[in-house]
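**Q** If you scroll down you'll find the structure; I have some questions about it.
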Amino acid sequence: MKGCSSQRSIFVSSSLGISQHCRNRHLCCSTSWTTEVTSSTQRFLTTLARQRRAYAALDQKFAGLPPIQYAEISKMTRSEATPAVPSSKTVLPIYEAPQTGFISHLPGTWIPYAELMRLDKPAGTYYLFFPCLFSTLLAASYTASGLLPVLTTTLCFFSGALIMRGAGCTINDLWDRNLDPHVARTRLRPIARGAVTPFKALIFTGFQLLAGLGVLLQFPASCLYYGIPSLLLVATYPLAKRVTHYPQFVLGLTFSWGAFMGFPALGVDPLADSAVLKTMAALYASCVSWTVSYDMIYAHMDIKDDAKVGIKSIALRHEKETKAVLSGLAVVQVGLLAAAGTAAGVGPVFFIGSCGSAAATLGFMIWKVRLNEISNCWWWFTNGAWLTGGGIAGGMLAEYVLNSPQKIEATESDG
């Protein structure tokens, strides 16, 4: 009823205004006067009808929602009402709290921070963890380490990957807080939708980095020298998207850093053993190639929005020859993985299991992935972690289990 009386008041005021305007002008021609009044009235009625249709659509859309949720949705819609390329057909998304999965059971105030860490999307944690696992298993085979040190080291690496991946995602969202609202896939991230302020996100980042340092301190002291430099890459990766079409290489340098950590974590000094240094370097470069591959597929999900807002990526640069680039990266990855195994002195189990499975899964992925379908790119991104990463780790684990007892016996007999 309020809306109706308000509309009547607007109409009366507008009509009085038109009449007063006409009297002041002392119109001499009745035909001209009638035409002007009719035109003004029609414009007013057209505008009023358009507003009424808009309000009716909103009432229908939000019917049945409690007042608080209505206010939150209205606020979010207004804050996101300016897309990168304005369009009358733009459909603004509505945030819905998770109904399934681990974070759906968390208190409501914790959910935005869990989303900042991407706890609901664990694939990134696996990708960060696998280089750590690869280097640990190669180091275990090289040193014939016992099972318990390998297990505890692996557990610490997974904890560190979970925490540091969350810190990296939070830093990324802080850098991208003005870009994310303009990309369909990222516009409902916690900072972009206003659920977490930049200041609170910065404080949260500090706590995550302290927790990561706590995990790092569980390793031998020498690991500090190898681990801390990676923080520079974590902080600068988001900037790479603004200055180069190849930010995936910067991400590769960041996510592959764990390849340097396994040997010192098991007590081996890489600087005192050239074979270890060569193994680490080849493994690191292999993991960088892998990171560029899977993130190139990931970048295809945002390729249209990235082009609109000016985010650079290798997918944009090589959109038409992506599969050729992926094929080249796969060859480099498998070749460097074989070089790492050769430097470490491993046996045929590694080359068949790790290198063979990597070549097979990468080739199958490149053949089957449909780069123009977002859901298909997402499937290969999330499952590729276990298909390729799991295959490589499985070959390394088999090498360790089958050959370590022989190395231990040889060491004892020499002693």
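Cβ from N, Cα, C; glycine included.
Take a look at what TrEMBL says about it:
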type	residues	note
TRANSMEM	126-144	transmembrane segment
TRANSMEM	217-237	transmembrane segment
TRANSMEM	249-268	transmembrane segment
TRANSMEM	280-303	transmembrane segment
TRANSMEM	324-343	transmembrane segment
TRANSMEM	349-367	transmembrane segment
TRANSMEM	379-398	transmembrane segment
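Help me see these features in their spatial surroundings.
**A** Under 8 Å from some Cβ of the transmembrane segment (249-268) lie the Cβ atoms of residues 127-140, 142-143, 145, 149-150, 153, 156-157, 161, 168, 219-220, 222-223, 226-227, 230, 233-234, 236-237, 240, 276, 279-280, 283-284, 286-292, 295, 314, all in the same chain and six or more residues away from its ends.
Residues 127, 130-131, 134-135, 138, 183-186, 248-249, 251-253, 255-260, 263, 270, 311, 313-316, 319, 322, 325-326, 329-330, 332-337, 339-340, 343, 362, 365, 369, 371-372, 374, 377-378, 380-381, 384-385, 388 of the same chain lie 6+ residues outside the transmembrane segment (280-303) yet bring a C-beta within less than 8 angstroms of a C-beta in it.
Within its own chain, the transmembrane segment (349-367) has Cβ neighbours under 8 Å at 141, 293, 297, 323, 326-327, 330, 333-334, 337-338, 341, 380, 384, 387-388, 391-396, 398-399, 402-403, counting only residues six or more beyond its boundaries.
Outside the transmembrane segment (379-398) by six or more residues, the chain places 121, 123, 126-127, 130, 133-134, 137-138, 141, 290, 294, 297-298, 337, 349-358, 360-362, 365, 368-369 with a CB less than 8 A from a CB of the stretch.
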